[in-house]
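Some features that TrEMBL has for this protein:
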type	residues	note
BINDING	B:ARG48, B:ARG54	NADP(+) binding site
BINDING	B:ARG125, B:SER126, B:SER127, B:ASN237, B:ALA238, B:GLY281, B:LYS296, B:PRO297, B:THR298, B:SER299, B:SER300, B:ARG322	FMN binding site
4 protein chains.
Amino acid sequence: MSFNTFGRVFRFTTWGESHGPAIGAVVDGCPPGLAISEADIQPYLDKRRPGTSRFTTQRQEPDQVRILSGVFEGKTTGTPISLMIENVDQRSKDYSEVAQAYRPGHADYAYDAKYGFRDYRGGGRSSARETASRVAAGAVARLVIPEVRIRAWVEAIGGDSIDPANFDPGQIDANPFFCPDAEAAARWEALVDGARKAGSSLGAVIACEATGVPAGWGAPLYAKLDAELAAACMSINAVKGVEIGDGFDAARLRGEENADAMRPGADGPEFLANHAGGIAGGIATGQPVRIRVAFKPTSSILTPVETITRSGEATEIMTKGRHDPCVGIRGAPVVEAMVALVLADQKLLHRAQCG
Amino acid sequence: MSFNTFGRVFRFTTWGESHGPAIGAVVDGCPPGLAISEADIQPYLDKRRPGTSRFTTQRQEPDQVRILSGVFEGKTTGTPISLMIENVDQRSKDYSEVAQAYRPGHADYAYDAKYGFRDYRGGGRSSARETASRVAAGAVARLVIPEVRIRAWVEAIGGDSIDPANFDPGQIDANPFFCPDAEAAARWEALVDGARKAGSSLGAVIACEATGVPAGWGAPLYAKLDAELAAACMSINAVKGVEIGDGFDAARLRGEENADAMRPGADGPEFLANHAGGIAGGIATGQPVRIRVAFKPTSSILTPVETITRSGEATEIMTKGRHDPCVGIRGAPVVEAMVALVLADQKLLHRAQCG
Amino acid sequence: MSFNTFGRVFRFTTWGESHGPAIGAVVDGCPPGLAISEADIQPYLDKRRPGTSRFTTQRQEPDQVRILSGVFEGKTTGTPISLMIENVDQRSKDYSEVAQAYRPGHADYAYDAKYGFRDYRGGGRSSARETASRVAAGAVARLVIPEVRIRAWVEAIGGDSIDPANFDPGQIDANPFFCPDAEAAARWEALVDGARKAGSSLGAVIACEATGVPAGWGAPLYAKLDAELAAACMSINAVKGVEIGDGFDAARLRGEENADAMRPGADGPEFLANHAGGIAGGIATGQPVRIRVAFKPTSSILTPVETITRSGEATEIMTKGRHDPCVGIRGAPVVEAMVALVLADQKLLHRAQCG
Amino acid sequence: MSFNTFGRVFRFTTWGESHGPAIGAVVDGCPPGLAISEADIQPYLDKRRPGTSRFTTQRQEPDQVRILSGVFEGKTTGTPISLMIENVDQRSKDYSEVAQAYRPGHADYAYDAKYGFRDYRGGGRSSARETASRVAAGAVARLVIPEVRIRAWVEAIGGDSIDPANFDPGQIDANPFFCPDAEAAARWEALVDGARKAGSSLGAVIACEATGVPAGWGAPLYAKLDAELAAACMSINAVKGVEIGDGFDAARLRGEENADAMRPGADGPEFLANHAGGIAGGIATGQPVRIRVAFKPTSSILTPVETITRSGEATEIMTKGRHDPCVGIRGAPVVEAMVALVLADQKLLHRAQCG
């Protein structure tokens, strides 16, 4: 089945393929009366946009978003907000090889196995290009949760991690890697450039923090805040792991090490630690919500790999053309968008039940 | 909001609190004509049942399941299957302390922040006891997917991992830890016993593998097989991380290391590796589906921890009474159940769209 | 497919067959802190209960409801409320005829065509008994919408309508027909008794009015208040038609006759008419919400009717045993329940989006 | 709340306002491999298109549909199909009156009450223009159910009904009224023309029949085939009533009159009548599915009607500009589309559960 809608009451639906005429999103359930224009969305698309440095794919897409509905006199009306982004740089190339053989690591074989055939041009629907629609929808979600501040960054590339001691939020937008550690950013230049030149690719870890999430948001048990965040992030192409708070590290701790002790604070409790990542029992505790997301290395590489053709014969394939040497880098604005979309939904859900 | 239903077309809804009269699940959308009786469900509940060894809570619950609807003459009718498990051993104890103060690491504060008050007896709805309902529903799901074999085990406790070289599936049910490595199981006896005696607790990592999942199951993009698995497992109490395939390790690999090359095989492609964990683009590839789940240490510990009362005053609390020294151990049958529930849903979804 | 859940954020799931051990409902998404006990639910079940007069089936069911979860110290906790009603009077009779031949007008043939077999005892899942679960859930819904008053009555039986001039709300609960017109009630005694004695049955029209619904409730375009009411009522067994406001009569009017003119009133507009039945564009206008529902005559009759057996041979069948001579009568409390359930959901949805 | 998505597994989402740049629909869950192009959709839009006779609004809209995604090499890929129709003839007129006062019968007041303000240009989202999106989506749905033939017609206008004895399906597309009775069509010319010239409007009844629906489709109990049809049709602007089979007439029958007796037939049972409209217990019986839908008269009339302004003062309003004298006429292709959309969804649901 195909399920291209996400959310319970604040919902969005995305559509579009890498090489079709356009991609887009329909955002439904948005509260009325929020001031909005394309200018509120474009900056987020610009952060995710390809072709801005030599560390991302060279596809040139202006990614200009148009609002087609749901806004009147500069404000949301409460009706569906249709967002469209035209595809401009669908380079006409020869896809005959990709059409006939499966690129390992890509969704080629799986789509064929499911649907019997596939739109092979640039990966079709399974292209990372789809995430532009998420980012556009996420920009609308942010307007719904002005009390929340969401910030994602790249924590590691190819196994090379930032040094927490060097964490400087001001750095995140100061380098092409969304890297909060200036020294790591410098190292990554060489690392990513090397992978690019070698026709190879690198994985990455994205961290994201949302501050200002009020205690109480969350919809236990099967739409828990952490479960929704996990689904939202795992639905991003190339993501293979999600952690909340200490994540897998928590599995190594003892109970007394993992407890987030509390003291009386000025506004509710003051927590002495945040191993939980701001979520307990699926409900926000008021602490910062912390999530980590693992991106595998881009599957498109210039090294020939053993594979089979559609008719089942042995062959080799290597992916020509433009690609991100580390698709995780542009994952940072996408993770931010997904977190915003989940939180907007959870805010409205909480308001529905608890007034 | 409260969302206690999971699934798209094969759906289940759970209800019940730790110390209410009963807990249960309603399974809806099950195909008709499947042979079923309580005896098909009970063995899975018995695996999860507390009180079977000194390594789990000493609460004595027979966890006898009753089928109240949806079955006629020994077969599913296609109508909702109502499953009920009575709570037997709700020990009458003094809850006044838990009622008045928040146990760090527990959902106490979050539930109060959300709902204004909470059923504090044994954790109420946020108790691990709820997972018995999942296991019962999961047993029904297994009947829907006879082509699939699901097997979970404990991979690490308190940071002490099994040795893959010792992996012996026959061991999993031969020790109280669902541990496939006899040597590790021996070590864990002392480890868990020590934690129990010290009033401490340990985290754990559960691994789960589903073989026989046909290529093609999966509902991209927002009900991808991996996204659904992530949501399903993250919705289990105490889970803080989910990985598909290589998970966070994939973020350290290069593209050529991570590619699962293919060769012609007897039945479709033969894969030379399975970094992807059997899922590409959110769709099963036909390889074993592999998932890892991190459980934090049980929050109930006998060490006093700083906390606050409902009225905001400083105090200390330690959790008296019965608890699992490592809640992750009993997580193994729960993860199996959630994987079964997701796969049953995805099987029906695939059949809906692709015939 | 089987879909036994209704609602978007205030949701309920029903389960159970006519002759199983019990039936029930799970209500999810209920706001916390509402005072509730079985005594708040039982009176509505008593109104729907069979066996209270000679004009309904003689099956004797006490329909005692039990709350199994979601309530603590007399208040809803925000977690799922599990309601169970045991089946007591499943008369052991010989079902061999019904098992082998299809009763015309019943769901027998359709269930067999869909599922391959069916629980034929008393109609199984398609029995009107299922509506007891709705009524129980509806009683919970009423607590969510204390600002609304819902009142249903029988407007016509077998084509014999009440005289609007005789409408007296005080009469509704004063006769076994939920009839607001004492004269009609007197006529219906003979009418229904005659049908019962003749082994025949009668159709009925139920009208329902909800006052106090605030302007603004409604979720356009595909969960419009009127669309949800139509779905809710058409899902009741034996219902064949639904009208909002003037319904089919509106199709005979001219635009100027149908316009509900407005004047300034004390609290918002004063409407000069209510052809619309309190709903415009799928959104409540603040006027009384008016709905009419057509129930077909009970399909169980003592007249032999031509039919076929499961193996496709010609035969005749007549329904022995207990049945309602006019199932529409007991439809009145069911329609009330469905209206309450829809309005509770719409109230929460409105609060979600519009604060 | 705003819910602009309909369907369970074959789903569509519509967006757009009367006077925005475009309207559209996203169809999700469509099976792959179906041959499709704009030419499969356009004829249905042309049937619904305004401005084709003097009996419909004079707004000139070519209603050219564009497929933006989900189709590759002329076939559906299984991914979302985005359909867009540009608004061309949004006549620039003075909306100041409509902006400031509520048109009785319209959704003006209700939208303001819900959302605090509204896009008043041409009715915004509550315009009948939205139904073009439904018709486009419905054309896709038809491809999913080639075994079904759906045919709607106008049965009555302003209380003047067709004579069943004159029913000639060949007439339906031979006059501007979708009228199967040539004599009635002749009468309606004068009737509708008179209403138009008088600045008045007329209601209508649409009948629709779907043949070839296999026994077994339907998703009891809360997504019954009839309940879904009722919701689908009641969600169309201006609809106030829905009947399945005999509808309200069934409420006047006795059980023996209403029974659809069965005999052995060539392919399963031969029914001797179809009072049920092809649905029993919410499941298709294999007989033709019959539904009737009541449209109120167009609310836009040239007669001044008492109303209030946004600030609550008394005024009068009459609707200038273009409008349909009988909006029900163009309702025929819309009802067809909604029936197709429901049936496509139910087909896939049935396949999901019952294989």
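Placement of Cβ uses the backbone N, Cα and C atoms for every residue, glycine included.
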Can you list which of the binding-site residues B:ARG48, B:ARG125, B:ALA238, B:LYS296, B:THR298 come closer than 8 Å to chain A, going by CB to CB distance?
B:ARG125, B:LYS296, B:THR298
Which of B:ARG48, B:ARG54, B:ARG125, B:LYS296, all binding-site residues, has a Cβ with the fewest other Cβ atoms inside 10 Å:
B:ARG54
Is any of the binding-site residues B:ARG54, B:SER127, B:ALA238 near chain C, in the sense of a CB under 8 A from one of its CBs, and if so which?
none
When a 10 Å sphere is centred on the Cβ of B:SER127 (FMN binding site), how many other Cβ atoms does it contain?
21
Report, as a single number, how many Cβ atoms besides its own are within 10 Å of the Cβ of B:SER300 (FMN binding site).
23
Could you find out if DSSP has B:ARG48 (NADP(+) binding site) as helix, strand or coil?
helix
Recorded FMN binding residues, B:ARG125, B:SER126, B:SER127, B:ASN237, B:ALA238, B:GLY281, B:LYS296, B:PRO297, B:THR298, B:SER299, B:SER300, B:ARG322 - maximal Cα separation rounded to whole Å:
44
So if I measure Cβ to Cβ from B:THR298 (FMN binding site) and keep only same-chain residues at least 6 apart in sequence, which ones fall under 8 Å?
B:SER201, B:LEU202, B:ALA238, B:HIS323, B:ASP324, B:PRO325, B:CYS326, B:VAL327
Kindly assign B:THR298 (FMN binding site) to one of the three DSSP-derived states: helix, strand or coil.
coil
Mapped DSSP class for B:ARG54 (NADP(+) binding site), helix or strand or coil:
coil
Provide, as an integer number of angstrom, the distance between the C-alpha atoms of B:ARG54 (NADP(+) binding site) and B:LYS296 (FMN binding site).
20
Note down the number of other Cβ atoms within 10 Å of the Cβ of B:ALA238 (FMN binding site), including every protein chain shown.
24
Pairwise CA distance, B:SER127 (FMN binding site) versus B:ARG48 (NADP(+) binding site), rounded so that it is a whole Å:
14
Roughly how many angstrom lie between the C-alpha atoms of B:SER300 (FMN binding site) and B:ARG48 (NADP(+) binding site)?
19
